[in-house]
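Undergrad: Reproduced below are the annotations present in TrEMBL:
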ACT_SITE  Glu352  active site, proton donor
ACT_SITE  His383  active site
ACT_SITE  Lys496  active site
Amino acid sequence: MNLAETAAWTKLRTHRGDLRETRLRELFDREPGHGPAMTIEHSGLVLDYSKNLLTAETLDLLIELADERELGTGIRAMFTGEAINTTEQRPALHTALRAPAARSIEVGGRNVVTDIRTVLDRMSAFAERVRSGQWRGATGAPIRAVVNIGIGGSDLGPAMAYQALREFASETLDVRFVANIDGHDISRTLHHLDPATTLFVVSSKTFTTIETLTNARTAREWLLAALDEPAAIARHFVAVSTNAREVAAFGIDPANMFEFWDWVGGRYSLHSAIGLSLMLAIGPDNFRGMLAGAHSIDEHFRTAPPRQNIPILLGLIGVWYRNFWHAHTHAVLPYDQRLSRLPAYLQQLDMESNGKSVDHQGNPIGYDTAPIVWGEPGTNGQHAFYQLLHQGTTTVPADFIGVLRPRHDLTEHHDLLMANLFAQTEALAFGSADDTGPLRGHRDFRGNRPSNTLLLRHLTPYTLGQLIAVYEHKIFTQGWIWGINSFDQWGVELGKVLATKIYAELTTDQPSAHDSSTTALVNRYRHARK
Ligand code: F6P
């Protein structure tokens, strides 16, 4: 049945109308314990969702919607490896990557947990050798720098997690990430690095991505220009991929390849071998800690009732704003500089997963799906775009993320940081009226702007794993309710095809044949290029 024809959807629409005049202030005044009543906790992770424009009845109706859409069936299907990625006929089994070794999850009659653990052990052994200096470069020198070459899911996850967990990283390894095909990225990254002590981790699920292969070729030339010995490749290049054939074709010994599988989506791959650069930085034990944190949320998502289930609640609240309040965007505002890349990571996770407008059969759907996800760390954002959050004409639901205990002893900084986080959610929710002075109107904060607050006790590999899994499952919840395939990404294909065609036009004398705008732009570049 079409989502918009379900009974719960119709009731939610009516209910939304009933809430038109409701103010957050009223909800809090009506129930003195409103905040704690709408706060849940799982294994140290706290979600306060009380500052949302919803009541107990809203939650009942959203859960009714999830039931009508058989969310429980969807969760079971994902965890047991059904081919829920219907256009590619594959499971989406990132949860298996962090399942305990004793668990058995079968794909095509094979227990994938065994394969996962084998690769994890290989990664760990390799990471130990590099970190301890046993693994040597071609000149016999130990590795001092690791450069991850990858893009999208093969970059954002490890790069985000490395920023988040720098305090856990080895001080003797300089870990860098190159993604962009823009030559400034790789040339700046390689600047001041010594080829004799640099290890490249070429990360690509398909090993056909033009950005990654171009950067990898440039890195290879840079290395060979200095070491002048093709055998050096084996000491300085490893690959992470599902595609052994292309890895070998590139010239990397398949013995130096760390495998993952087509049932791990690129944007869901941080916990697979795609995390190798991160593991090199933080070490195998910390990496396994991250897997354990993600697994704790997997179990929570799979078993907790909806009202106690952090990802389900976040997913349902998101549906409420997107489909019934028509909020176009969703802000992610980590009050922690270490999480500065989290918004970018979640952009891919959410927008590439749920930025869809057809159902599993390819038929257009008549309702909104993924919001635009964006954000910056607080307090920086406060001095940039929060003006719009407070007084703009559009409502932007936001997730505020805070960490109770920092890993520094600058207490004043942390107290001020957290004071700002709490103050912002309060100001957004309740506002304040100044209708007397000459700046009447201008100084009026109407409030009623919704937010969630997520609190972590510490930022560790374990809690980072939790946070990542919370968002993965939030996004799954929404995609399942919307009846779309959250695990394909056909929308990225056309641009790649056209770029290949235009590249040929830029680099040869082929005439450019496009619309008048594109042709003029191409010709202008061709002229400049001469
Ligand atoms: O173009 C989009 C995309 O396919 C993402 O889904 C993926 O994470 C990224 O490119 C990189 O792909 P690969 O890991 O195959 O190089």
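Residue numbers in this text run from 1 along the chain shown.
Note: Cβ is positioned from N, Cα and C throughout, glycine not excepted.
Distances, neighbours, how buried they are, the whole picture for these features please.
TA: In the three-state DSSP reading, Glu352 (active site, proton donor) counts as helix. Taking Cβ-Cβ distances under 8 Å and a sequence separation of 6 or more, the neighbours of Glu352 (active site, proton donor) in its chain are Gly152, Arg267, Gln489, Val492.
Just so you know, the Cβ of His383 (active site) picks up 9 other Cβ atoms within 10 Å once every protein chain is counted.
In the three-state DSSP scheme, Lys496 (active site) is classed as helix.
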Undergrad: How big is the gap, in Å, between the Cα of Lys496 (active site) and that of His383 (active site), rounded to a whole number?
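TA: Their Cα atoms are separated by 37 Å.
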